[in-house]
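Chemist: Got these off TrEMBL a minute ago, pasting:
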| type | residues | note |
| --- | --- | --- |
| ACT_SITE | Asp252 | active site, proton acceptor |
| BINDING | Gly90, Gly92, Arg93, Lys113, Asp125, Gly126, Arg176, Arg183, Asp262 | ATP binding site |
| BINDING | Asn253, Asp262 | Mg(2+) binding site |
Amino acid sequence: MKSLTDLTFDNRFARLGDAFSTEVLPEPIAEPRLVVASPAAMALLDLDPAEAECEEFAQLFAGHKLWHAAEPRAMVYSGHQFGVYNPRLGDGRGLLLGEVVNAAGEHWDLHLKGAGQTPYSRMGDGRAVLRSSIREFLASEHLHALGIPTSRALCVTASNTPVWREKKESAAMLLRLARSHVRFGHFEYFYYTRQPEQLKQLGEHVLHCHFPGCLEQEQPYLALFREVVERNAALIAHWQAYGFCHGVMNSDNMSILGITFDYGPYAFLDDFDANHICNHSDDSGRYSFSNQVPIAQWNLAALGQALTAFVEIEALREALGLFLPLYQAHYLDLMRRRLGLTDAAEGDEALIQRLLQLMQGSAVDYTNFFRALGDSAPAQALARLREDFVDLAGFDAWAADYQARCAADDGGQEARRARMHGVNPKYILRNYLAQQVIEAAEQGDYGPVRELHAVLSRPFDEQPGMERYAERPPEWGKHLAISCSS
Ligand code: AMP
Ligand code: MG
């Protein structure tokens with residue numbers, strides 16, 4: 001175990017120099033207090049969870065103190081926002097404090113979000129409000145617990161510093177952890193500003209630090225692109241299988257590591273709706289739930305364009321062509337597991353599609369359906385779930401086909417339940433749950449957000465006494481408008 005003050009830093013990204021980032025000191029927020037910390041994320045830095053209780057903890061993560069070896073810097077990048085190229089973005093309200101090396105030798109970026117203005121703040125105030133910081137914290141740690149690749153969150157601190165959005169709110173900071181903060185947009189920035197040397201430096205950095213295996217390949221940059229395509233295919237398959245809607249899939253919010261990154265107006269589906277648009281500002285539905293698949297491919301094409309500096313375009317095209325089939329294979333695999341199926345069969349894709357259409361037509365709760373399907377033997381589970389469907393003939397036909405698929409599996413109901421409950425969460429981060437704990441936190445009560453975080457850290461476990469967190473949203477919580485203004 002390490003103590004908070006003796007973390008070991010090795011700031012590899014900072015050493016790339018001023019073409020890549022600018023030195024900026026965090027601007028502290030007033031009277032900071034710890035809202036919530038993640039013991040699991042602290043463990044990544046070898047920190048004892050008890051360290052969160054000391055006063056220094058909130059000081060460090062609210063910009064009042066810094067480690068001697070930290071080198072806070074704002075990174076420059078660009079990217080395609082809603083399909084339109086924005087030539088200059090960057091860390092407008094977050095700073096890379098440095099890279100901590102843990103006992104296992106892993107480097108973890110410490111990124112302080114809401115740390116004040118930087119040269120990339122444009123018209124913004126450099127701040128993050130409490131509500132959006134809590135939302136990112138909860139989602140980061142929950143997606144990780146669900147087995148979905150993601151950046152992590154160490155803690156949120158609240159303050160008395162006022163911030164103006166649609167109304168007066170208060171500033172908060174989130175400490176984000178990731179193995180890298182390099183985005184697709186980093187590559188785009190150096191490509192479109194015609195800085196081939198820096199583009200190469202960035203590429204070498206990413207290869208050496210994060211994809212050393214690619215360096216052994218004949219064409220390292222092609223191998224890198226292929227790997228990013230593969231990782232994104234797996235990532236998006238997880239999002240689609242678990243009903244996660246990111247909301248702002250701009251290329252500057254896409255991580256080169258293929259992890260969920262830059263949480264904004266995200267949502268998990270309550271009722272299944274393939275067309276769900278979780279971002280209130282997304283008028284055209286560009287980032288609707290089902291569009292996440294083609295949009296990921298679109299973003300990969302934008303990254304591929306920046307890599308034409310290193311690789312023949314035909315080879316990049318071929319690698320990009322792997323995305324859809326890989327996505328489809330991952331997705332089918334995840335959905336088969338969610339259905340409790342232990343092998344693959346010809347008609348599985350159609351079986352899954354028919355189920356989703358039935359769920360869509362009857363506004364069935366996406367998470368609770370799969371959990372209940374594993375609770376009892378197929379016949380009983382289906383008889384109970386039937387009540388939730390409007391198209392009974394359609395459901396009965398589907399149920400018969402599903403049961404026929406289950407018949408081959410003779411492991412017994414106990415094994416089936418354990419298997420299915422291991423992949424079908426009982427607890428999911430519903431928008432209304434986040435909203436409830438945010439309202440309490442805004443009143444200074446951090447108990448609810450801590451409890452919700454604890455529940456969502458074990459989403460597959462039965463947690464006696466916590467059943468209310470598995471309930472469908474009340475009427476007020478069904479259509480919460482979440483916008484980008486955070
Ligand atoms: P996001 O929508 O959070 O991915 O942010 C898009 C861009 O706007 C990034 O370059 C952010 O750093 C910047 N940005 C967002 N909010 C603020 C803010 N309050 N102050 C300064 N920059 C911001
Ligand atoms: Mg962003």
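In case you wondered, yes, glycine gets a Cβ from its N, Cα and C as well.
Please situate the listed features within the shown structure.
Modeler: Following the DSSP three-state reduction, the secondary structure of Asp252 (active site, proton acceptor) is helix.
According to its DSSP assignment, Arg176 (ATP binding site) is in a strand.
Reduced to three states, the DSSP call for Asp262 (ATP binding site) is coil.
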Chemist: Which binding-site residues out of Gly90, Asp125, Asn253 lie by ligand 2, going by a Cβ under 6 Å?
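Modeler: Near the molecule: Asn253.
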Chemist: Where the criterion is a Cβ under 6 Å from an atom of ligand 1, which of the binding-site residues Arg93, Asp125, Arg176, Asp262 meet it?
Modeler: Arg93, Asp125, Asp262
Chemist: Can you see whether DSSP assigns Arg93 (ATP binding site) to helix, strand or coil?
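Modeler: In three-state terms, Arg93 (ATP binding site) counts as coil.
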Chemist: Show me the subset of Gly90, Arg93, Asp125, Arg176, Asp262 whose Cα is within 10 Å of Asp252 (active site, proton acceptor); these are the binding-site residues I mean.
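Modeler: Near Asp252 (active site, proton acceptor) by Cα: Gly90, Asp262.
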Chemist: Out of the binding-site residues listed (Gly90, Arg93, Arg176), which are within 10 Å of Asn253 (Mg(2+) binding site), Cα to Cα?
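Modeler: Neighbours among binding-site residues: none.
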Chemist: Counting Cβ neighbours within 10 Å across all chains shown, tell me which of the recorded positions Asp125, Asp252 comes out on top.
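Modeler: Max Cβ neighbours within 10 Å, all protein chains included: Asp252.
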Chemist: Taking the residues Gly90, Gly92, Arg93, Lys113, Asp125, Gly126, Arg176, Arg183, Asp262 listed for ATP, what is the greatest CA to CA distance in Å, to the nearest whole number?
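Modeler: The span, Cα to Cα at its widest, is 22 Å.
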Chemist: Given the binding-site residues Arg93, Arg176, which one has the fewest other C-beta atoms within 10 angstroms of its C-beta?
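Modeler: The binding-site residues Arg93, Arg176 were compared, and Arg93 has the fewest Cβ atoms within 10 Å.
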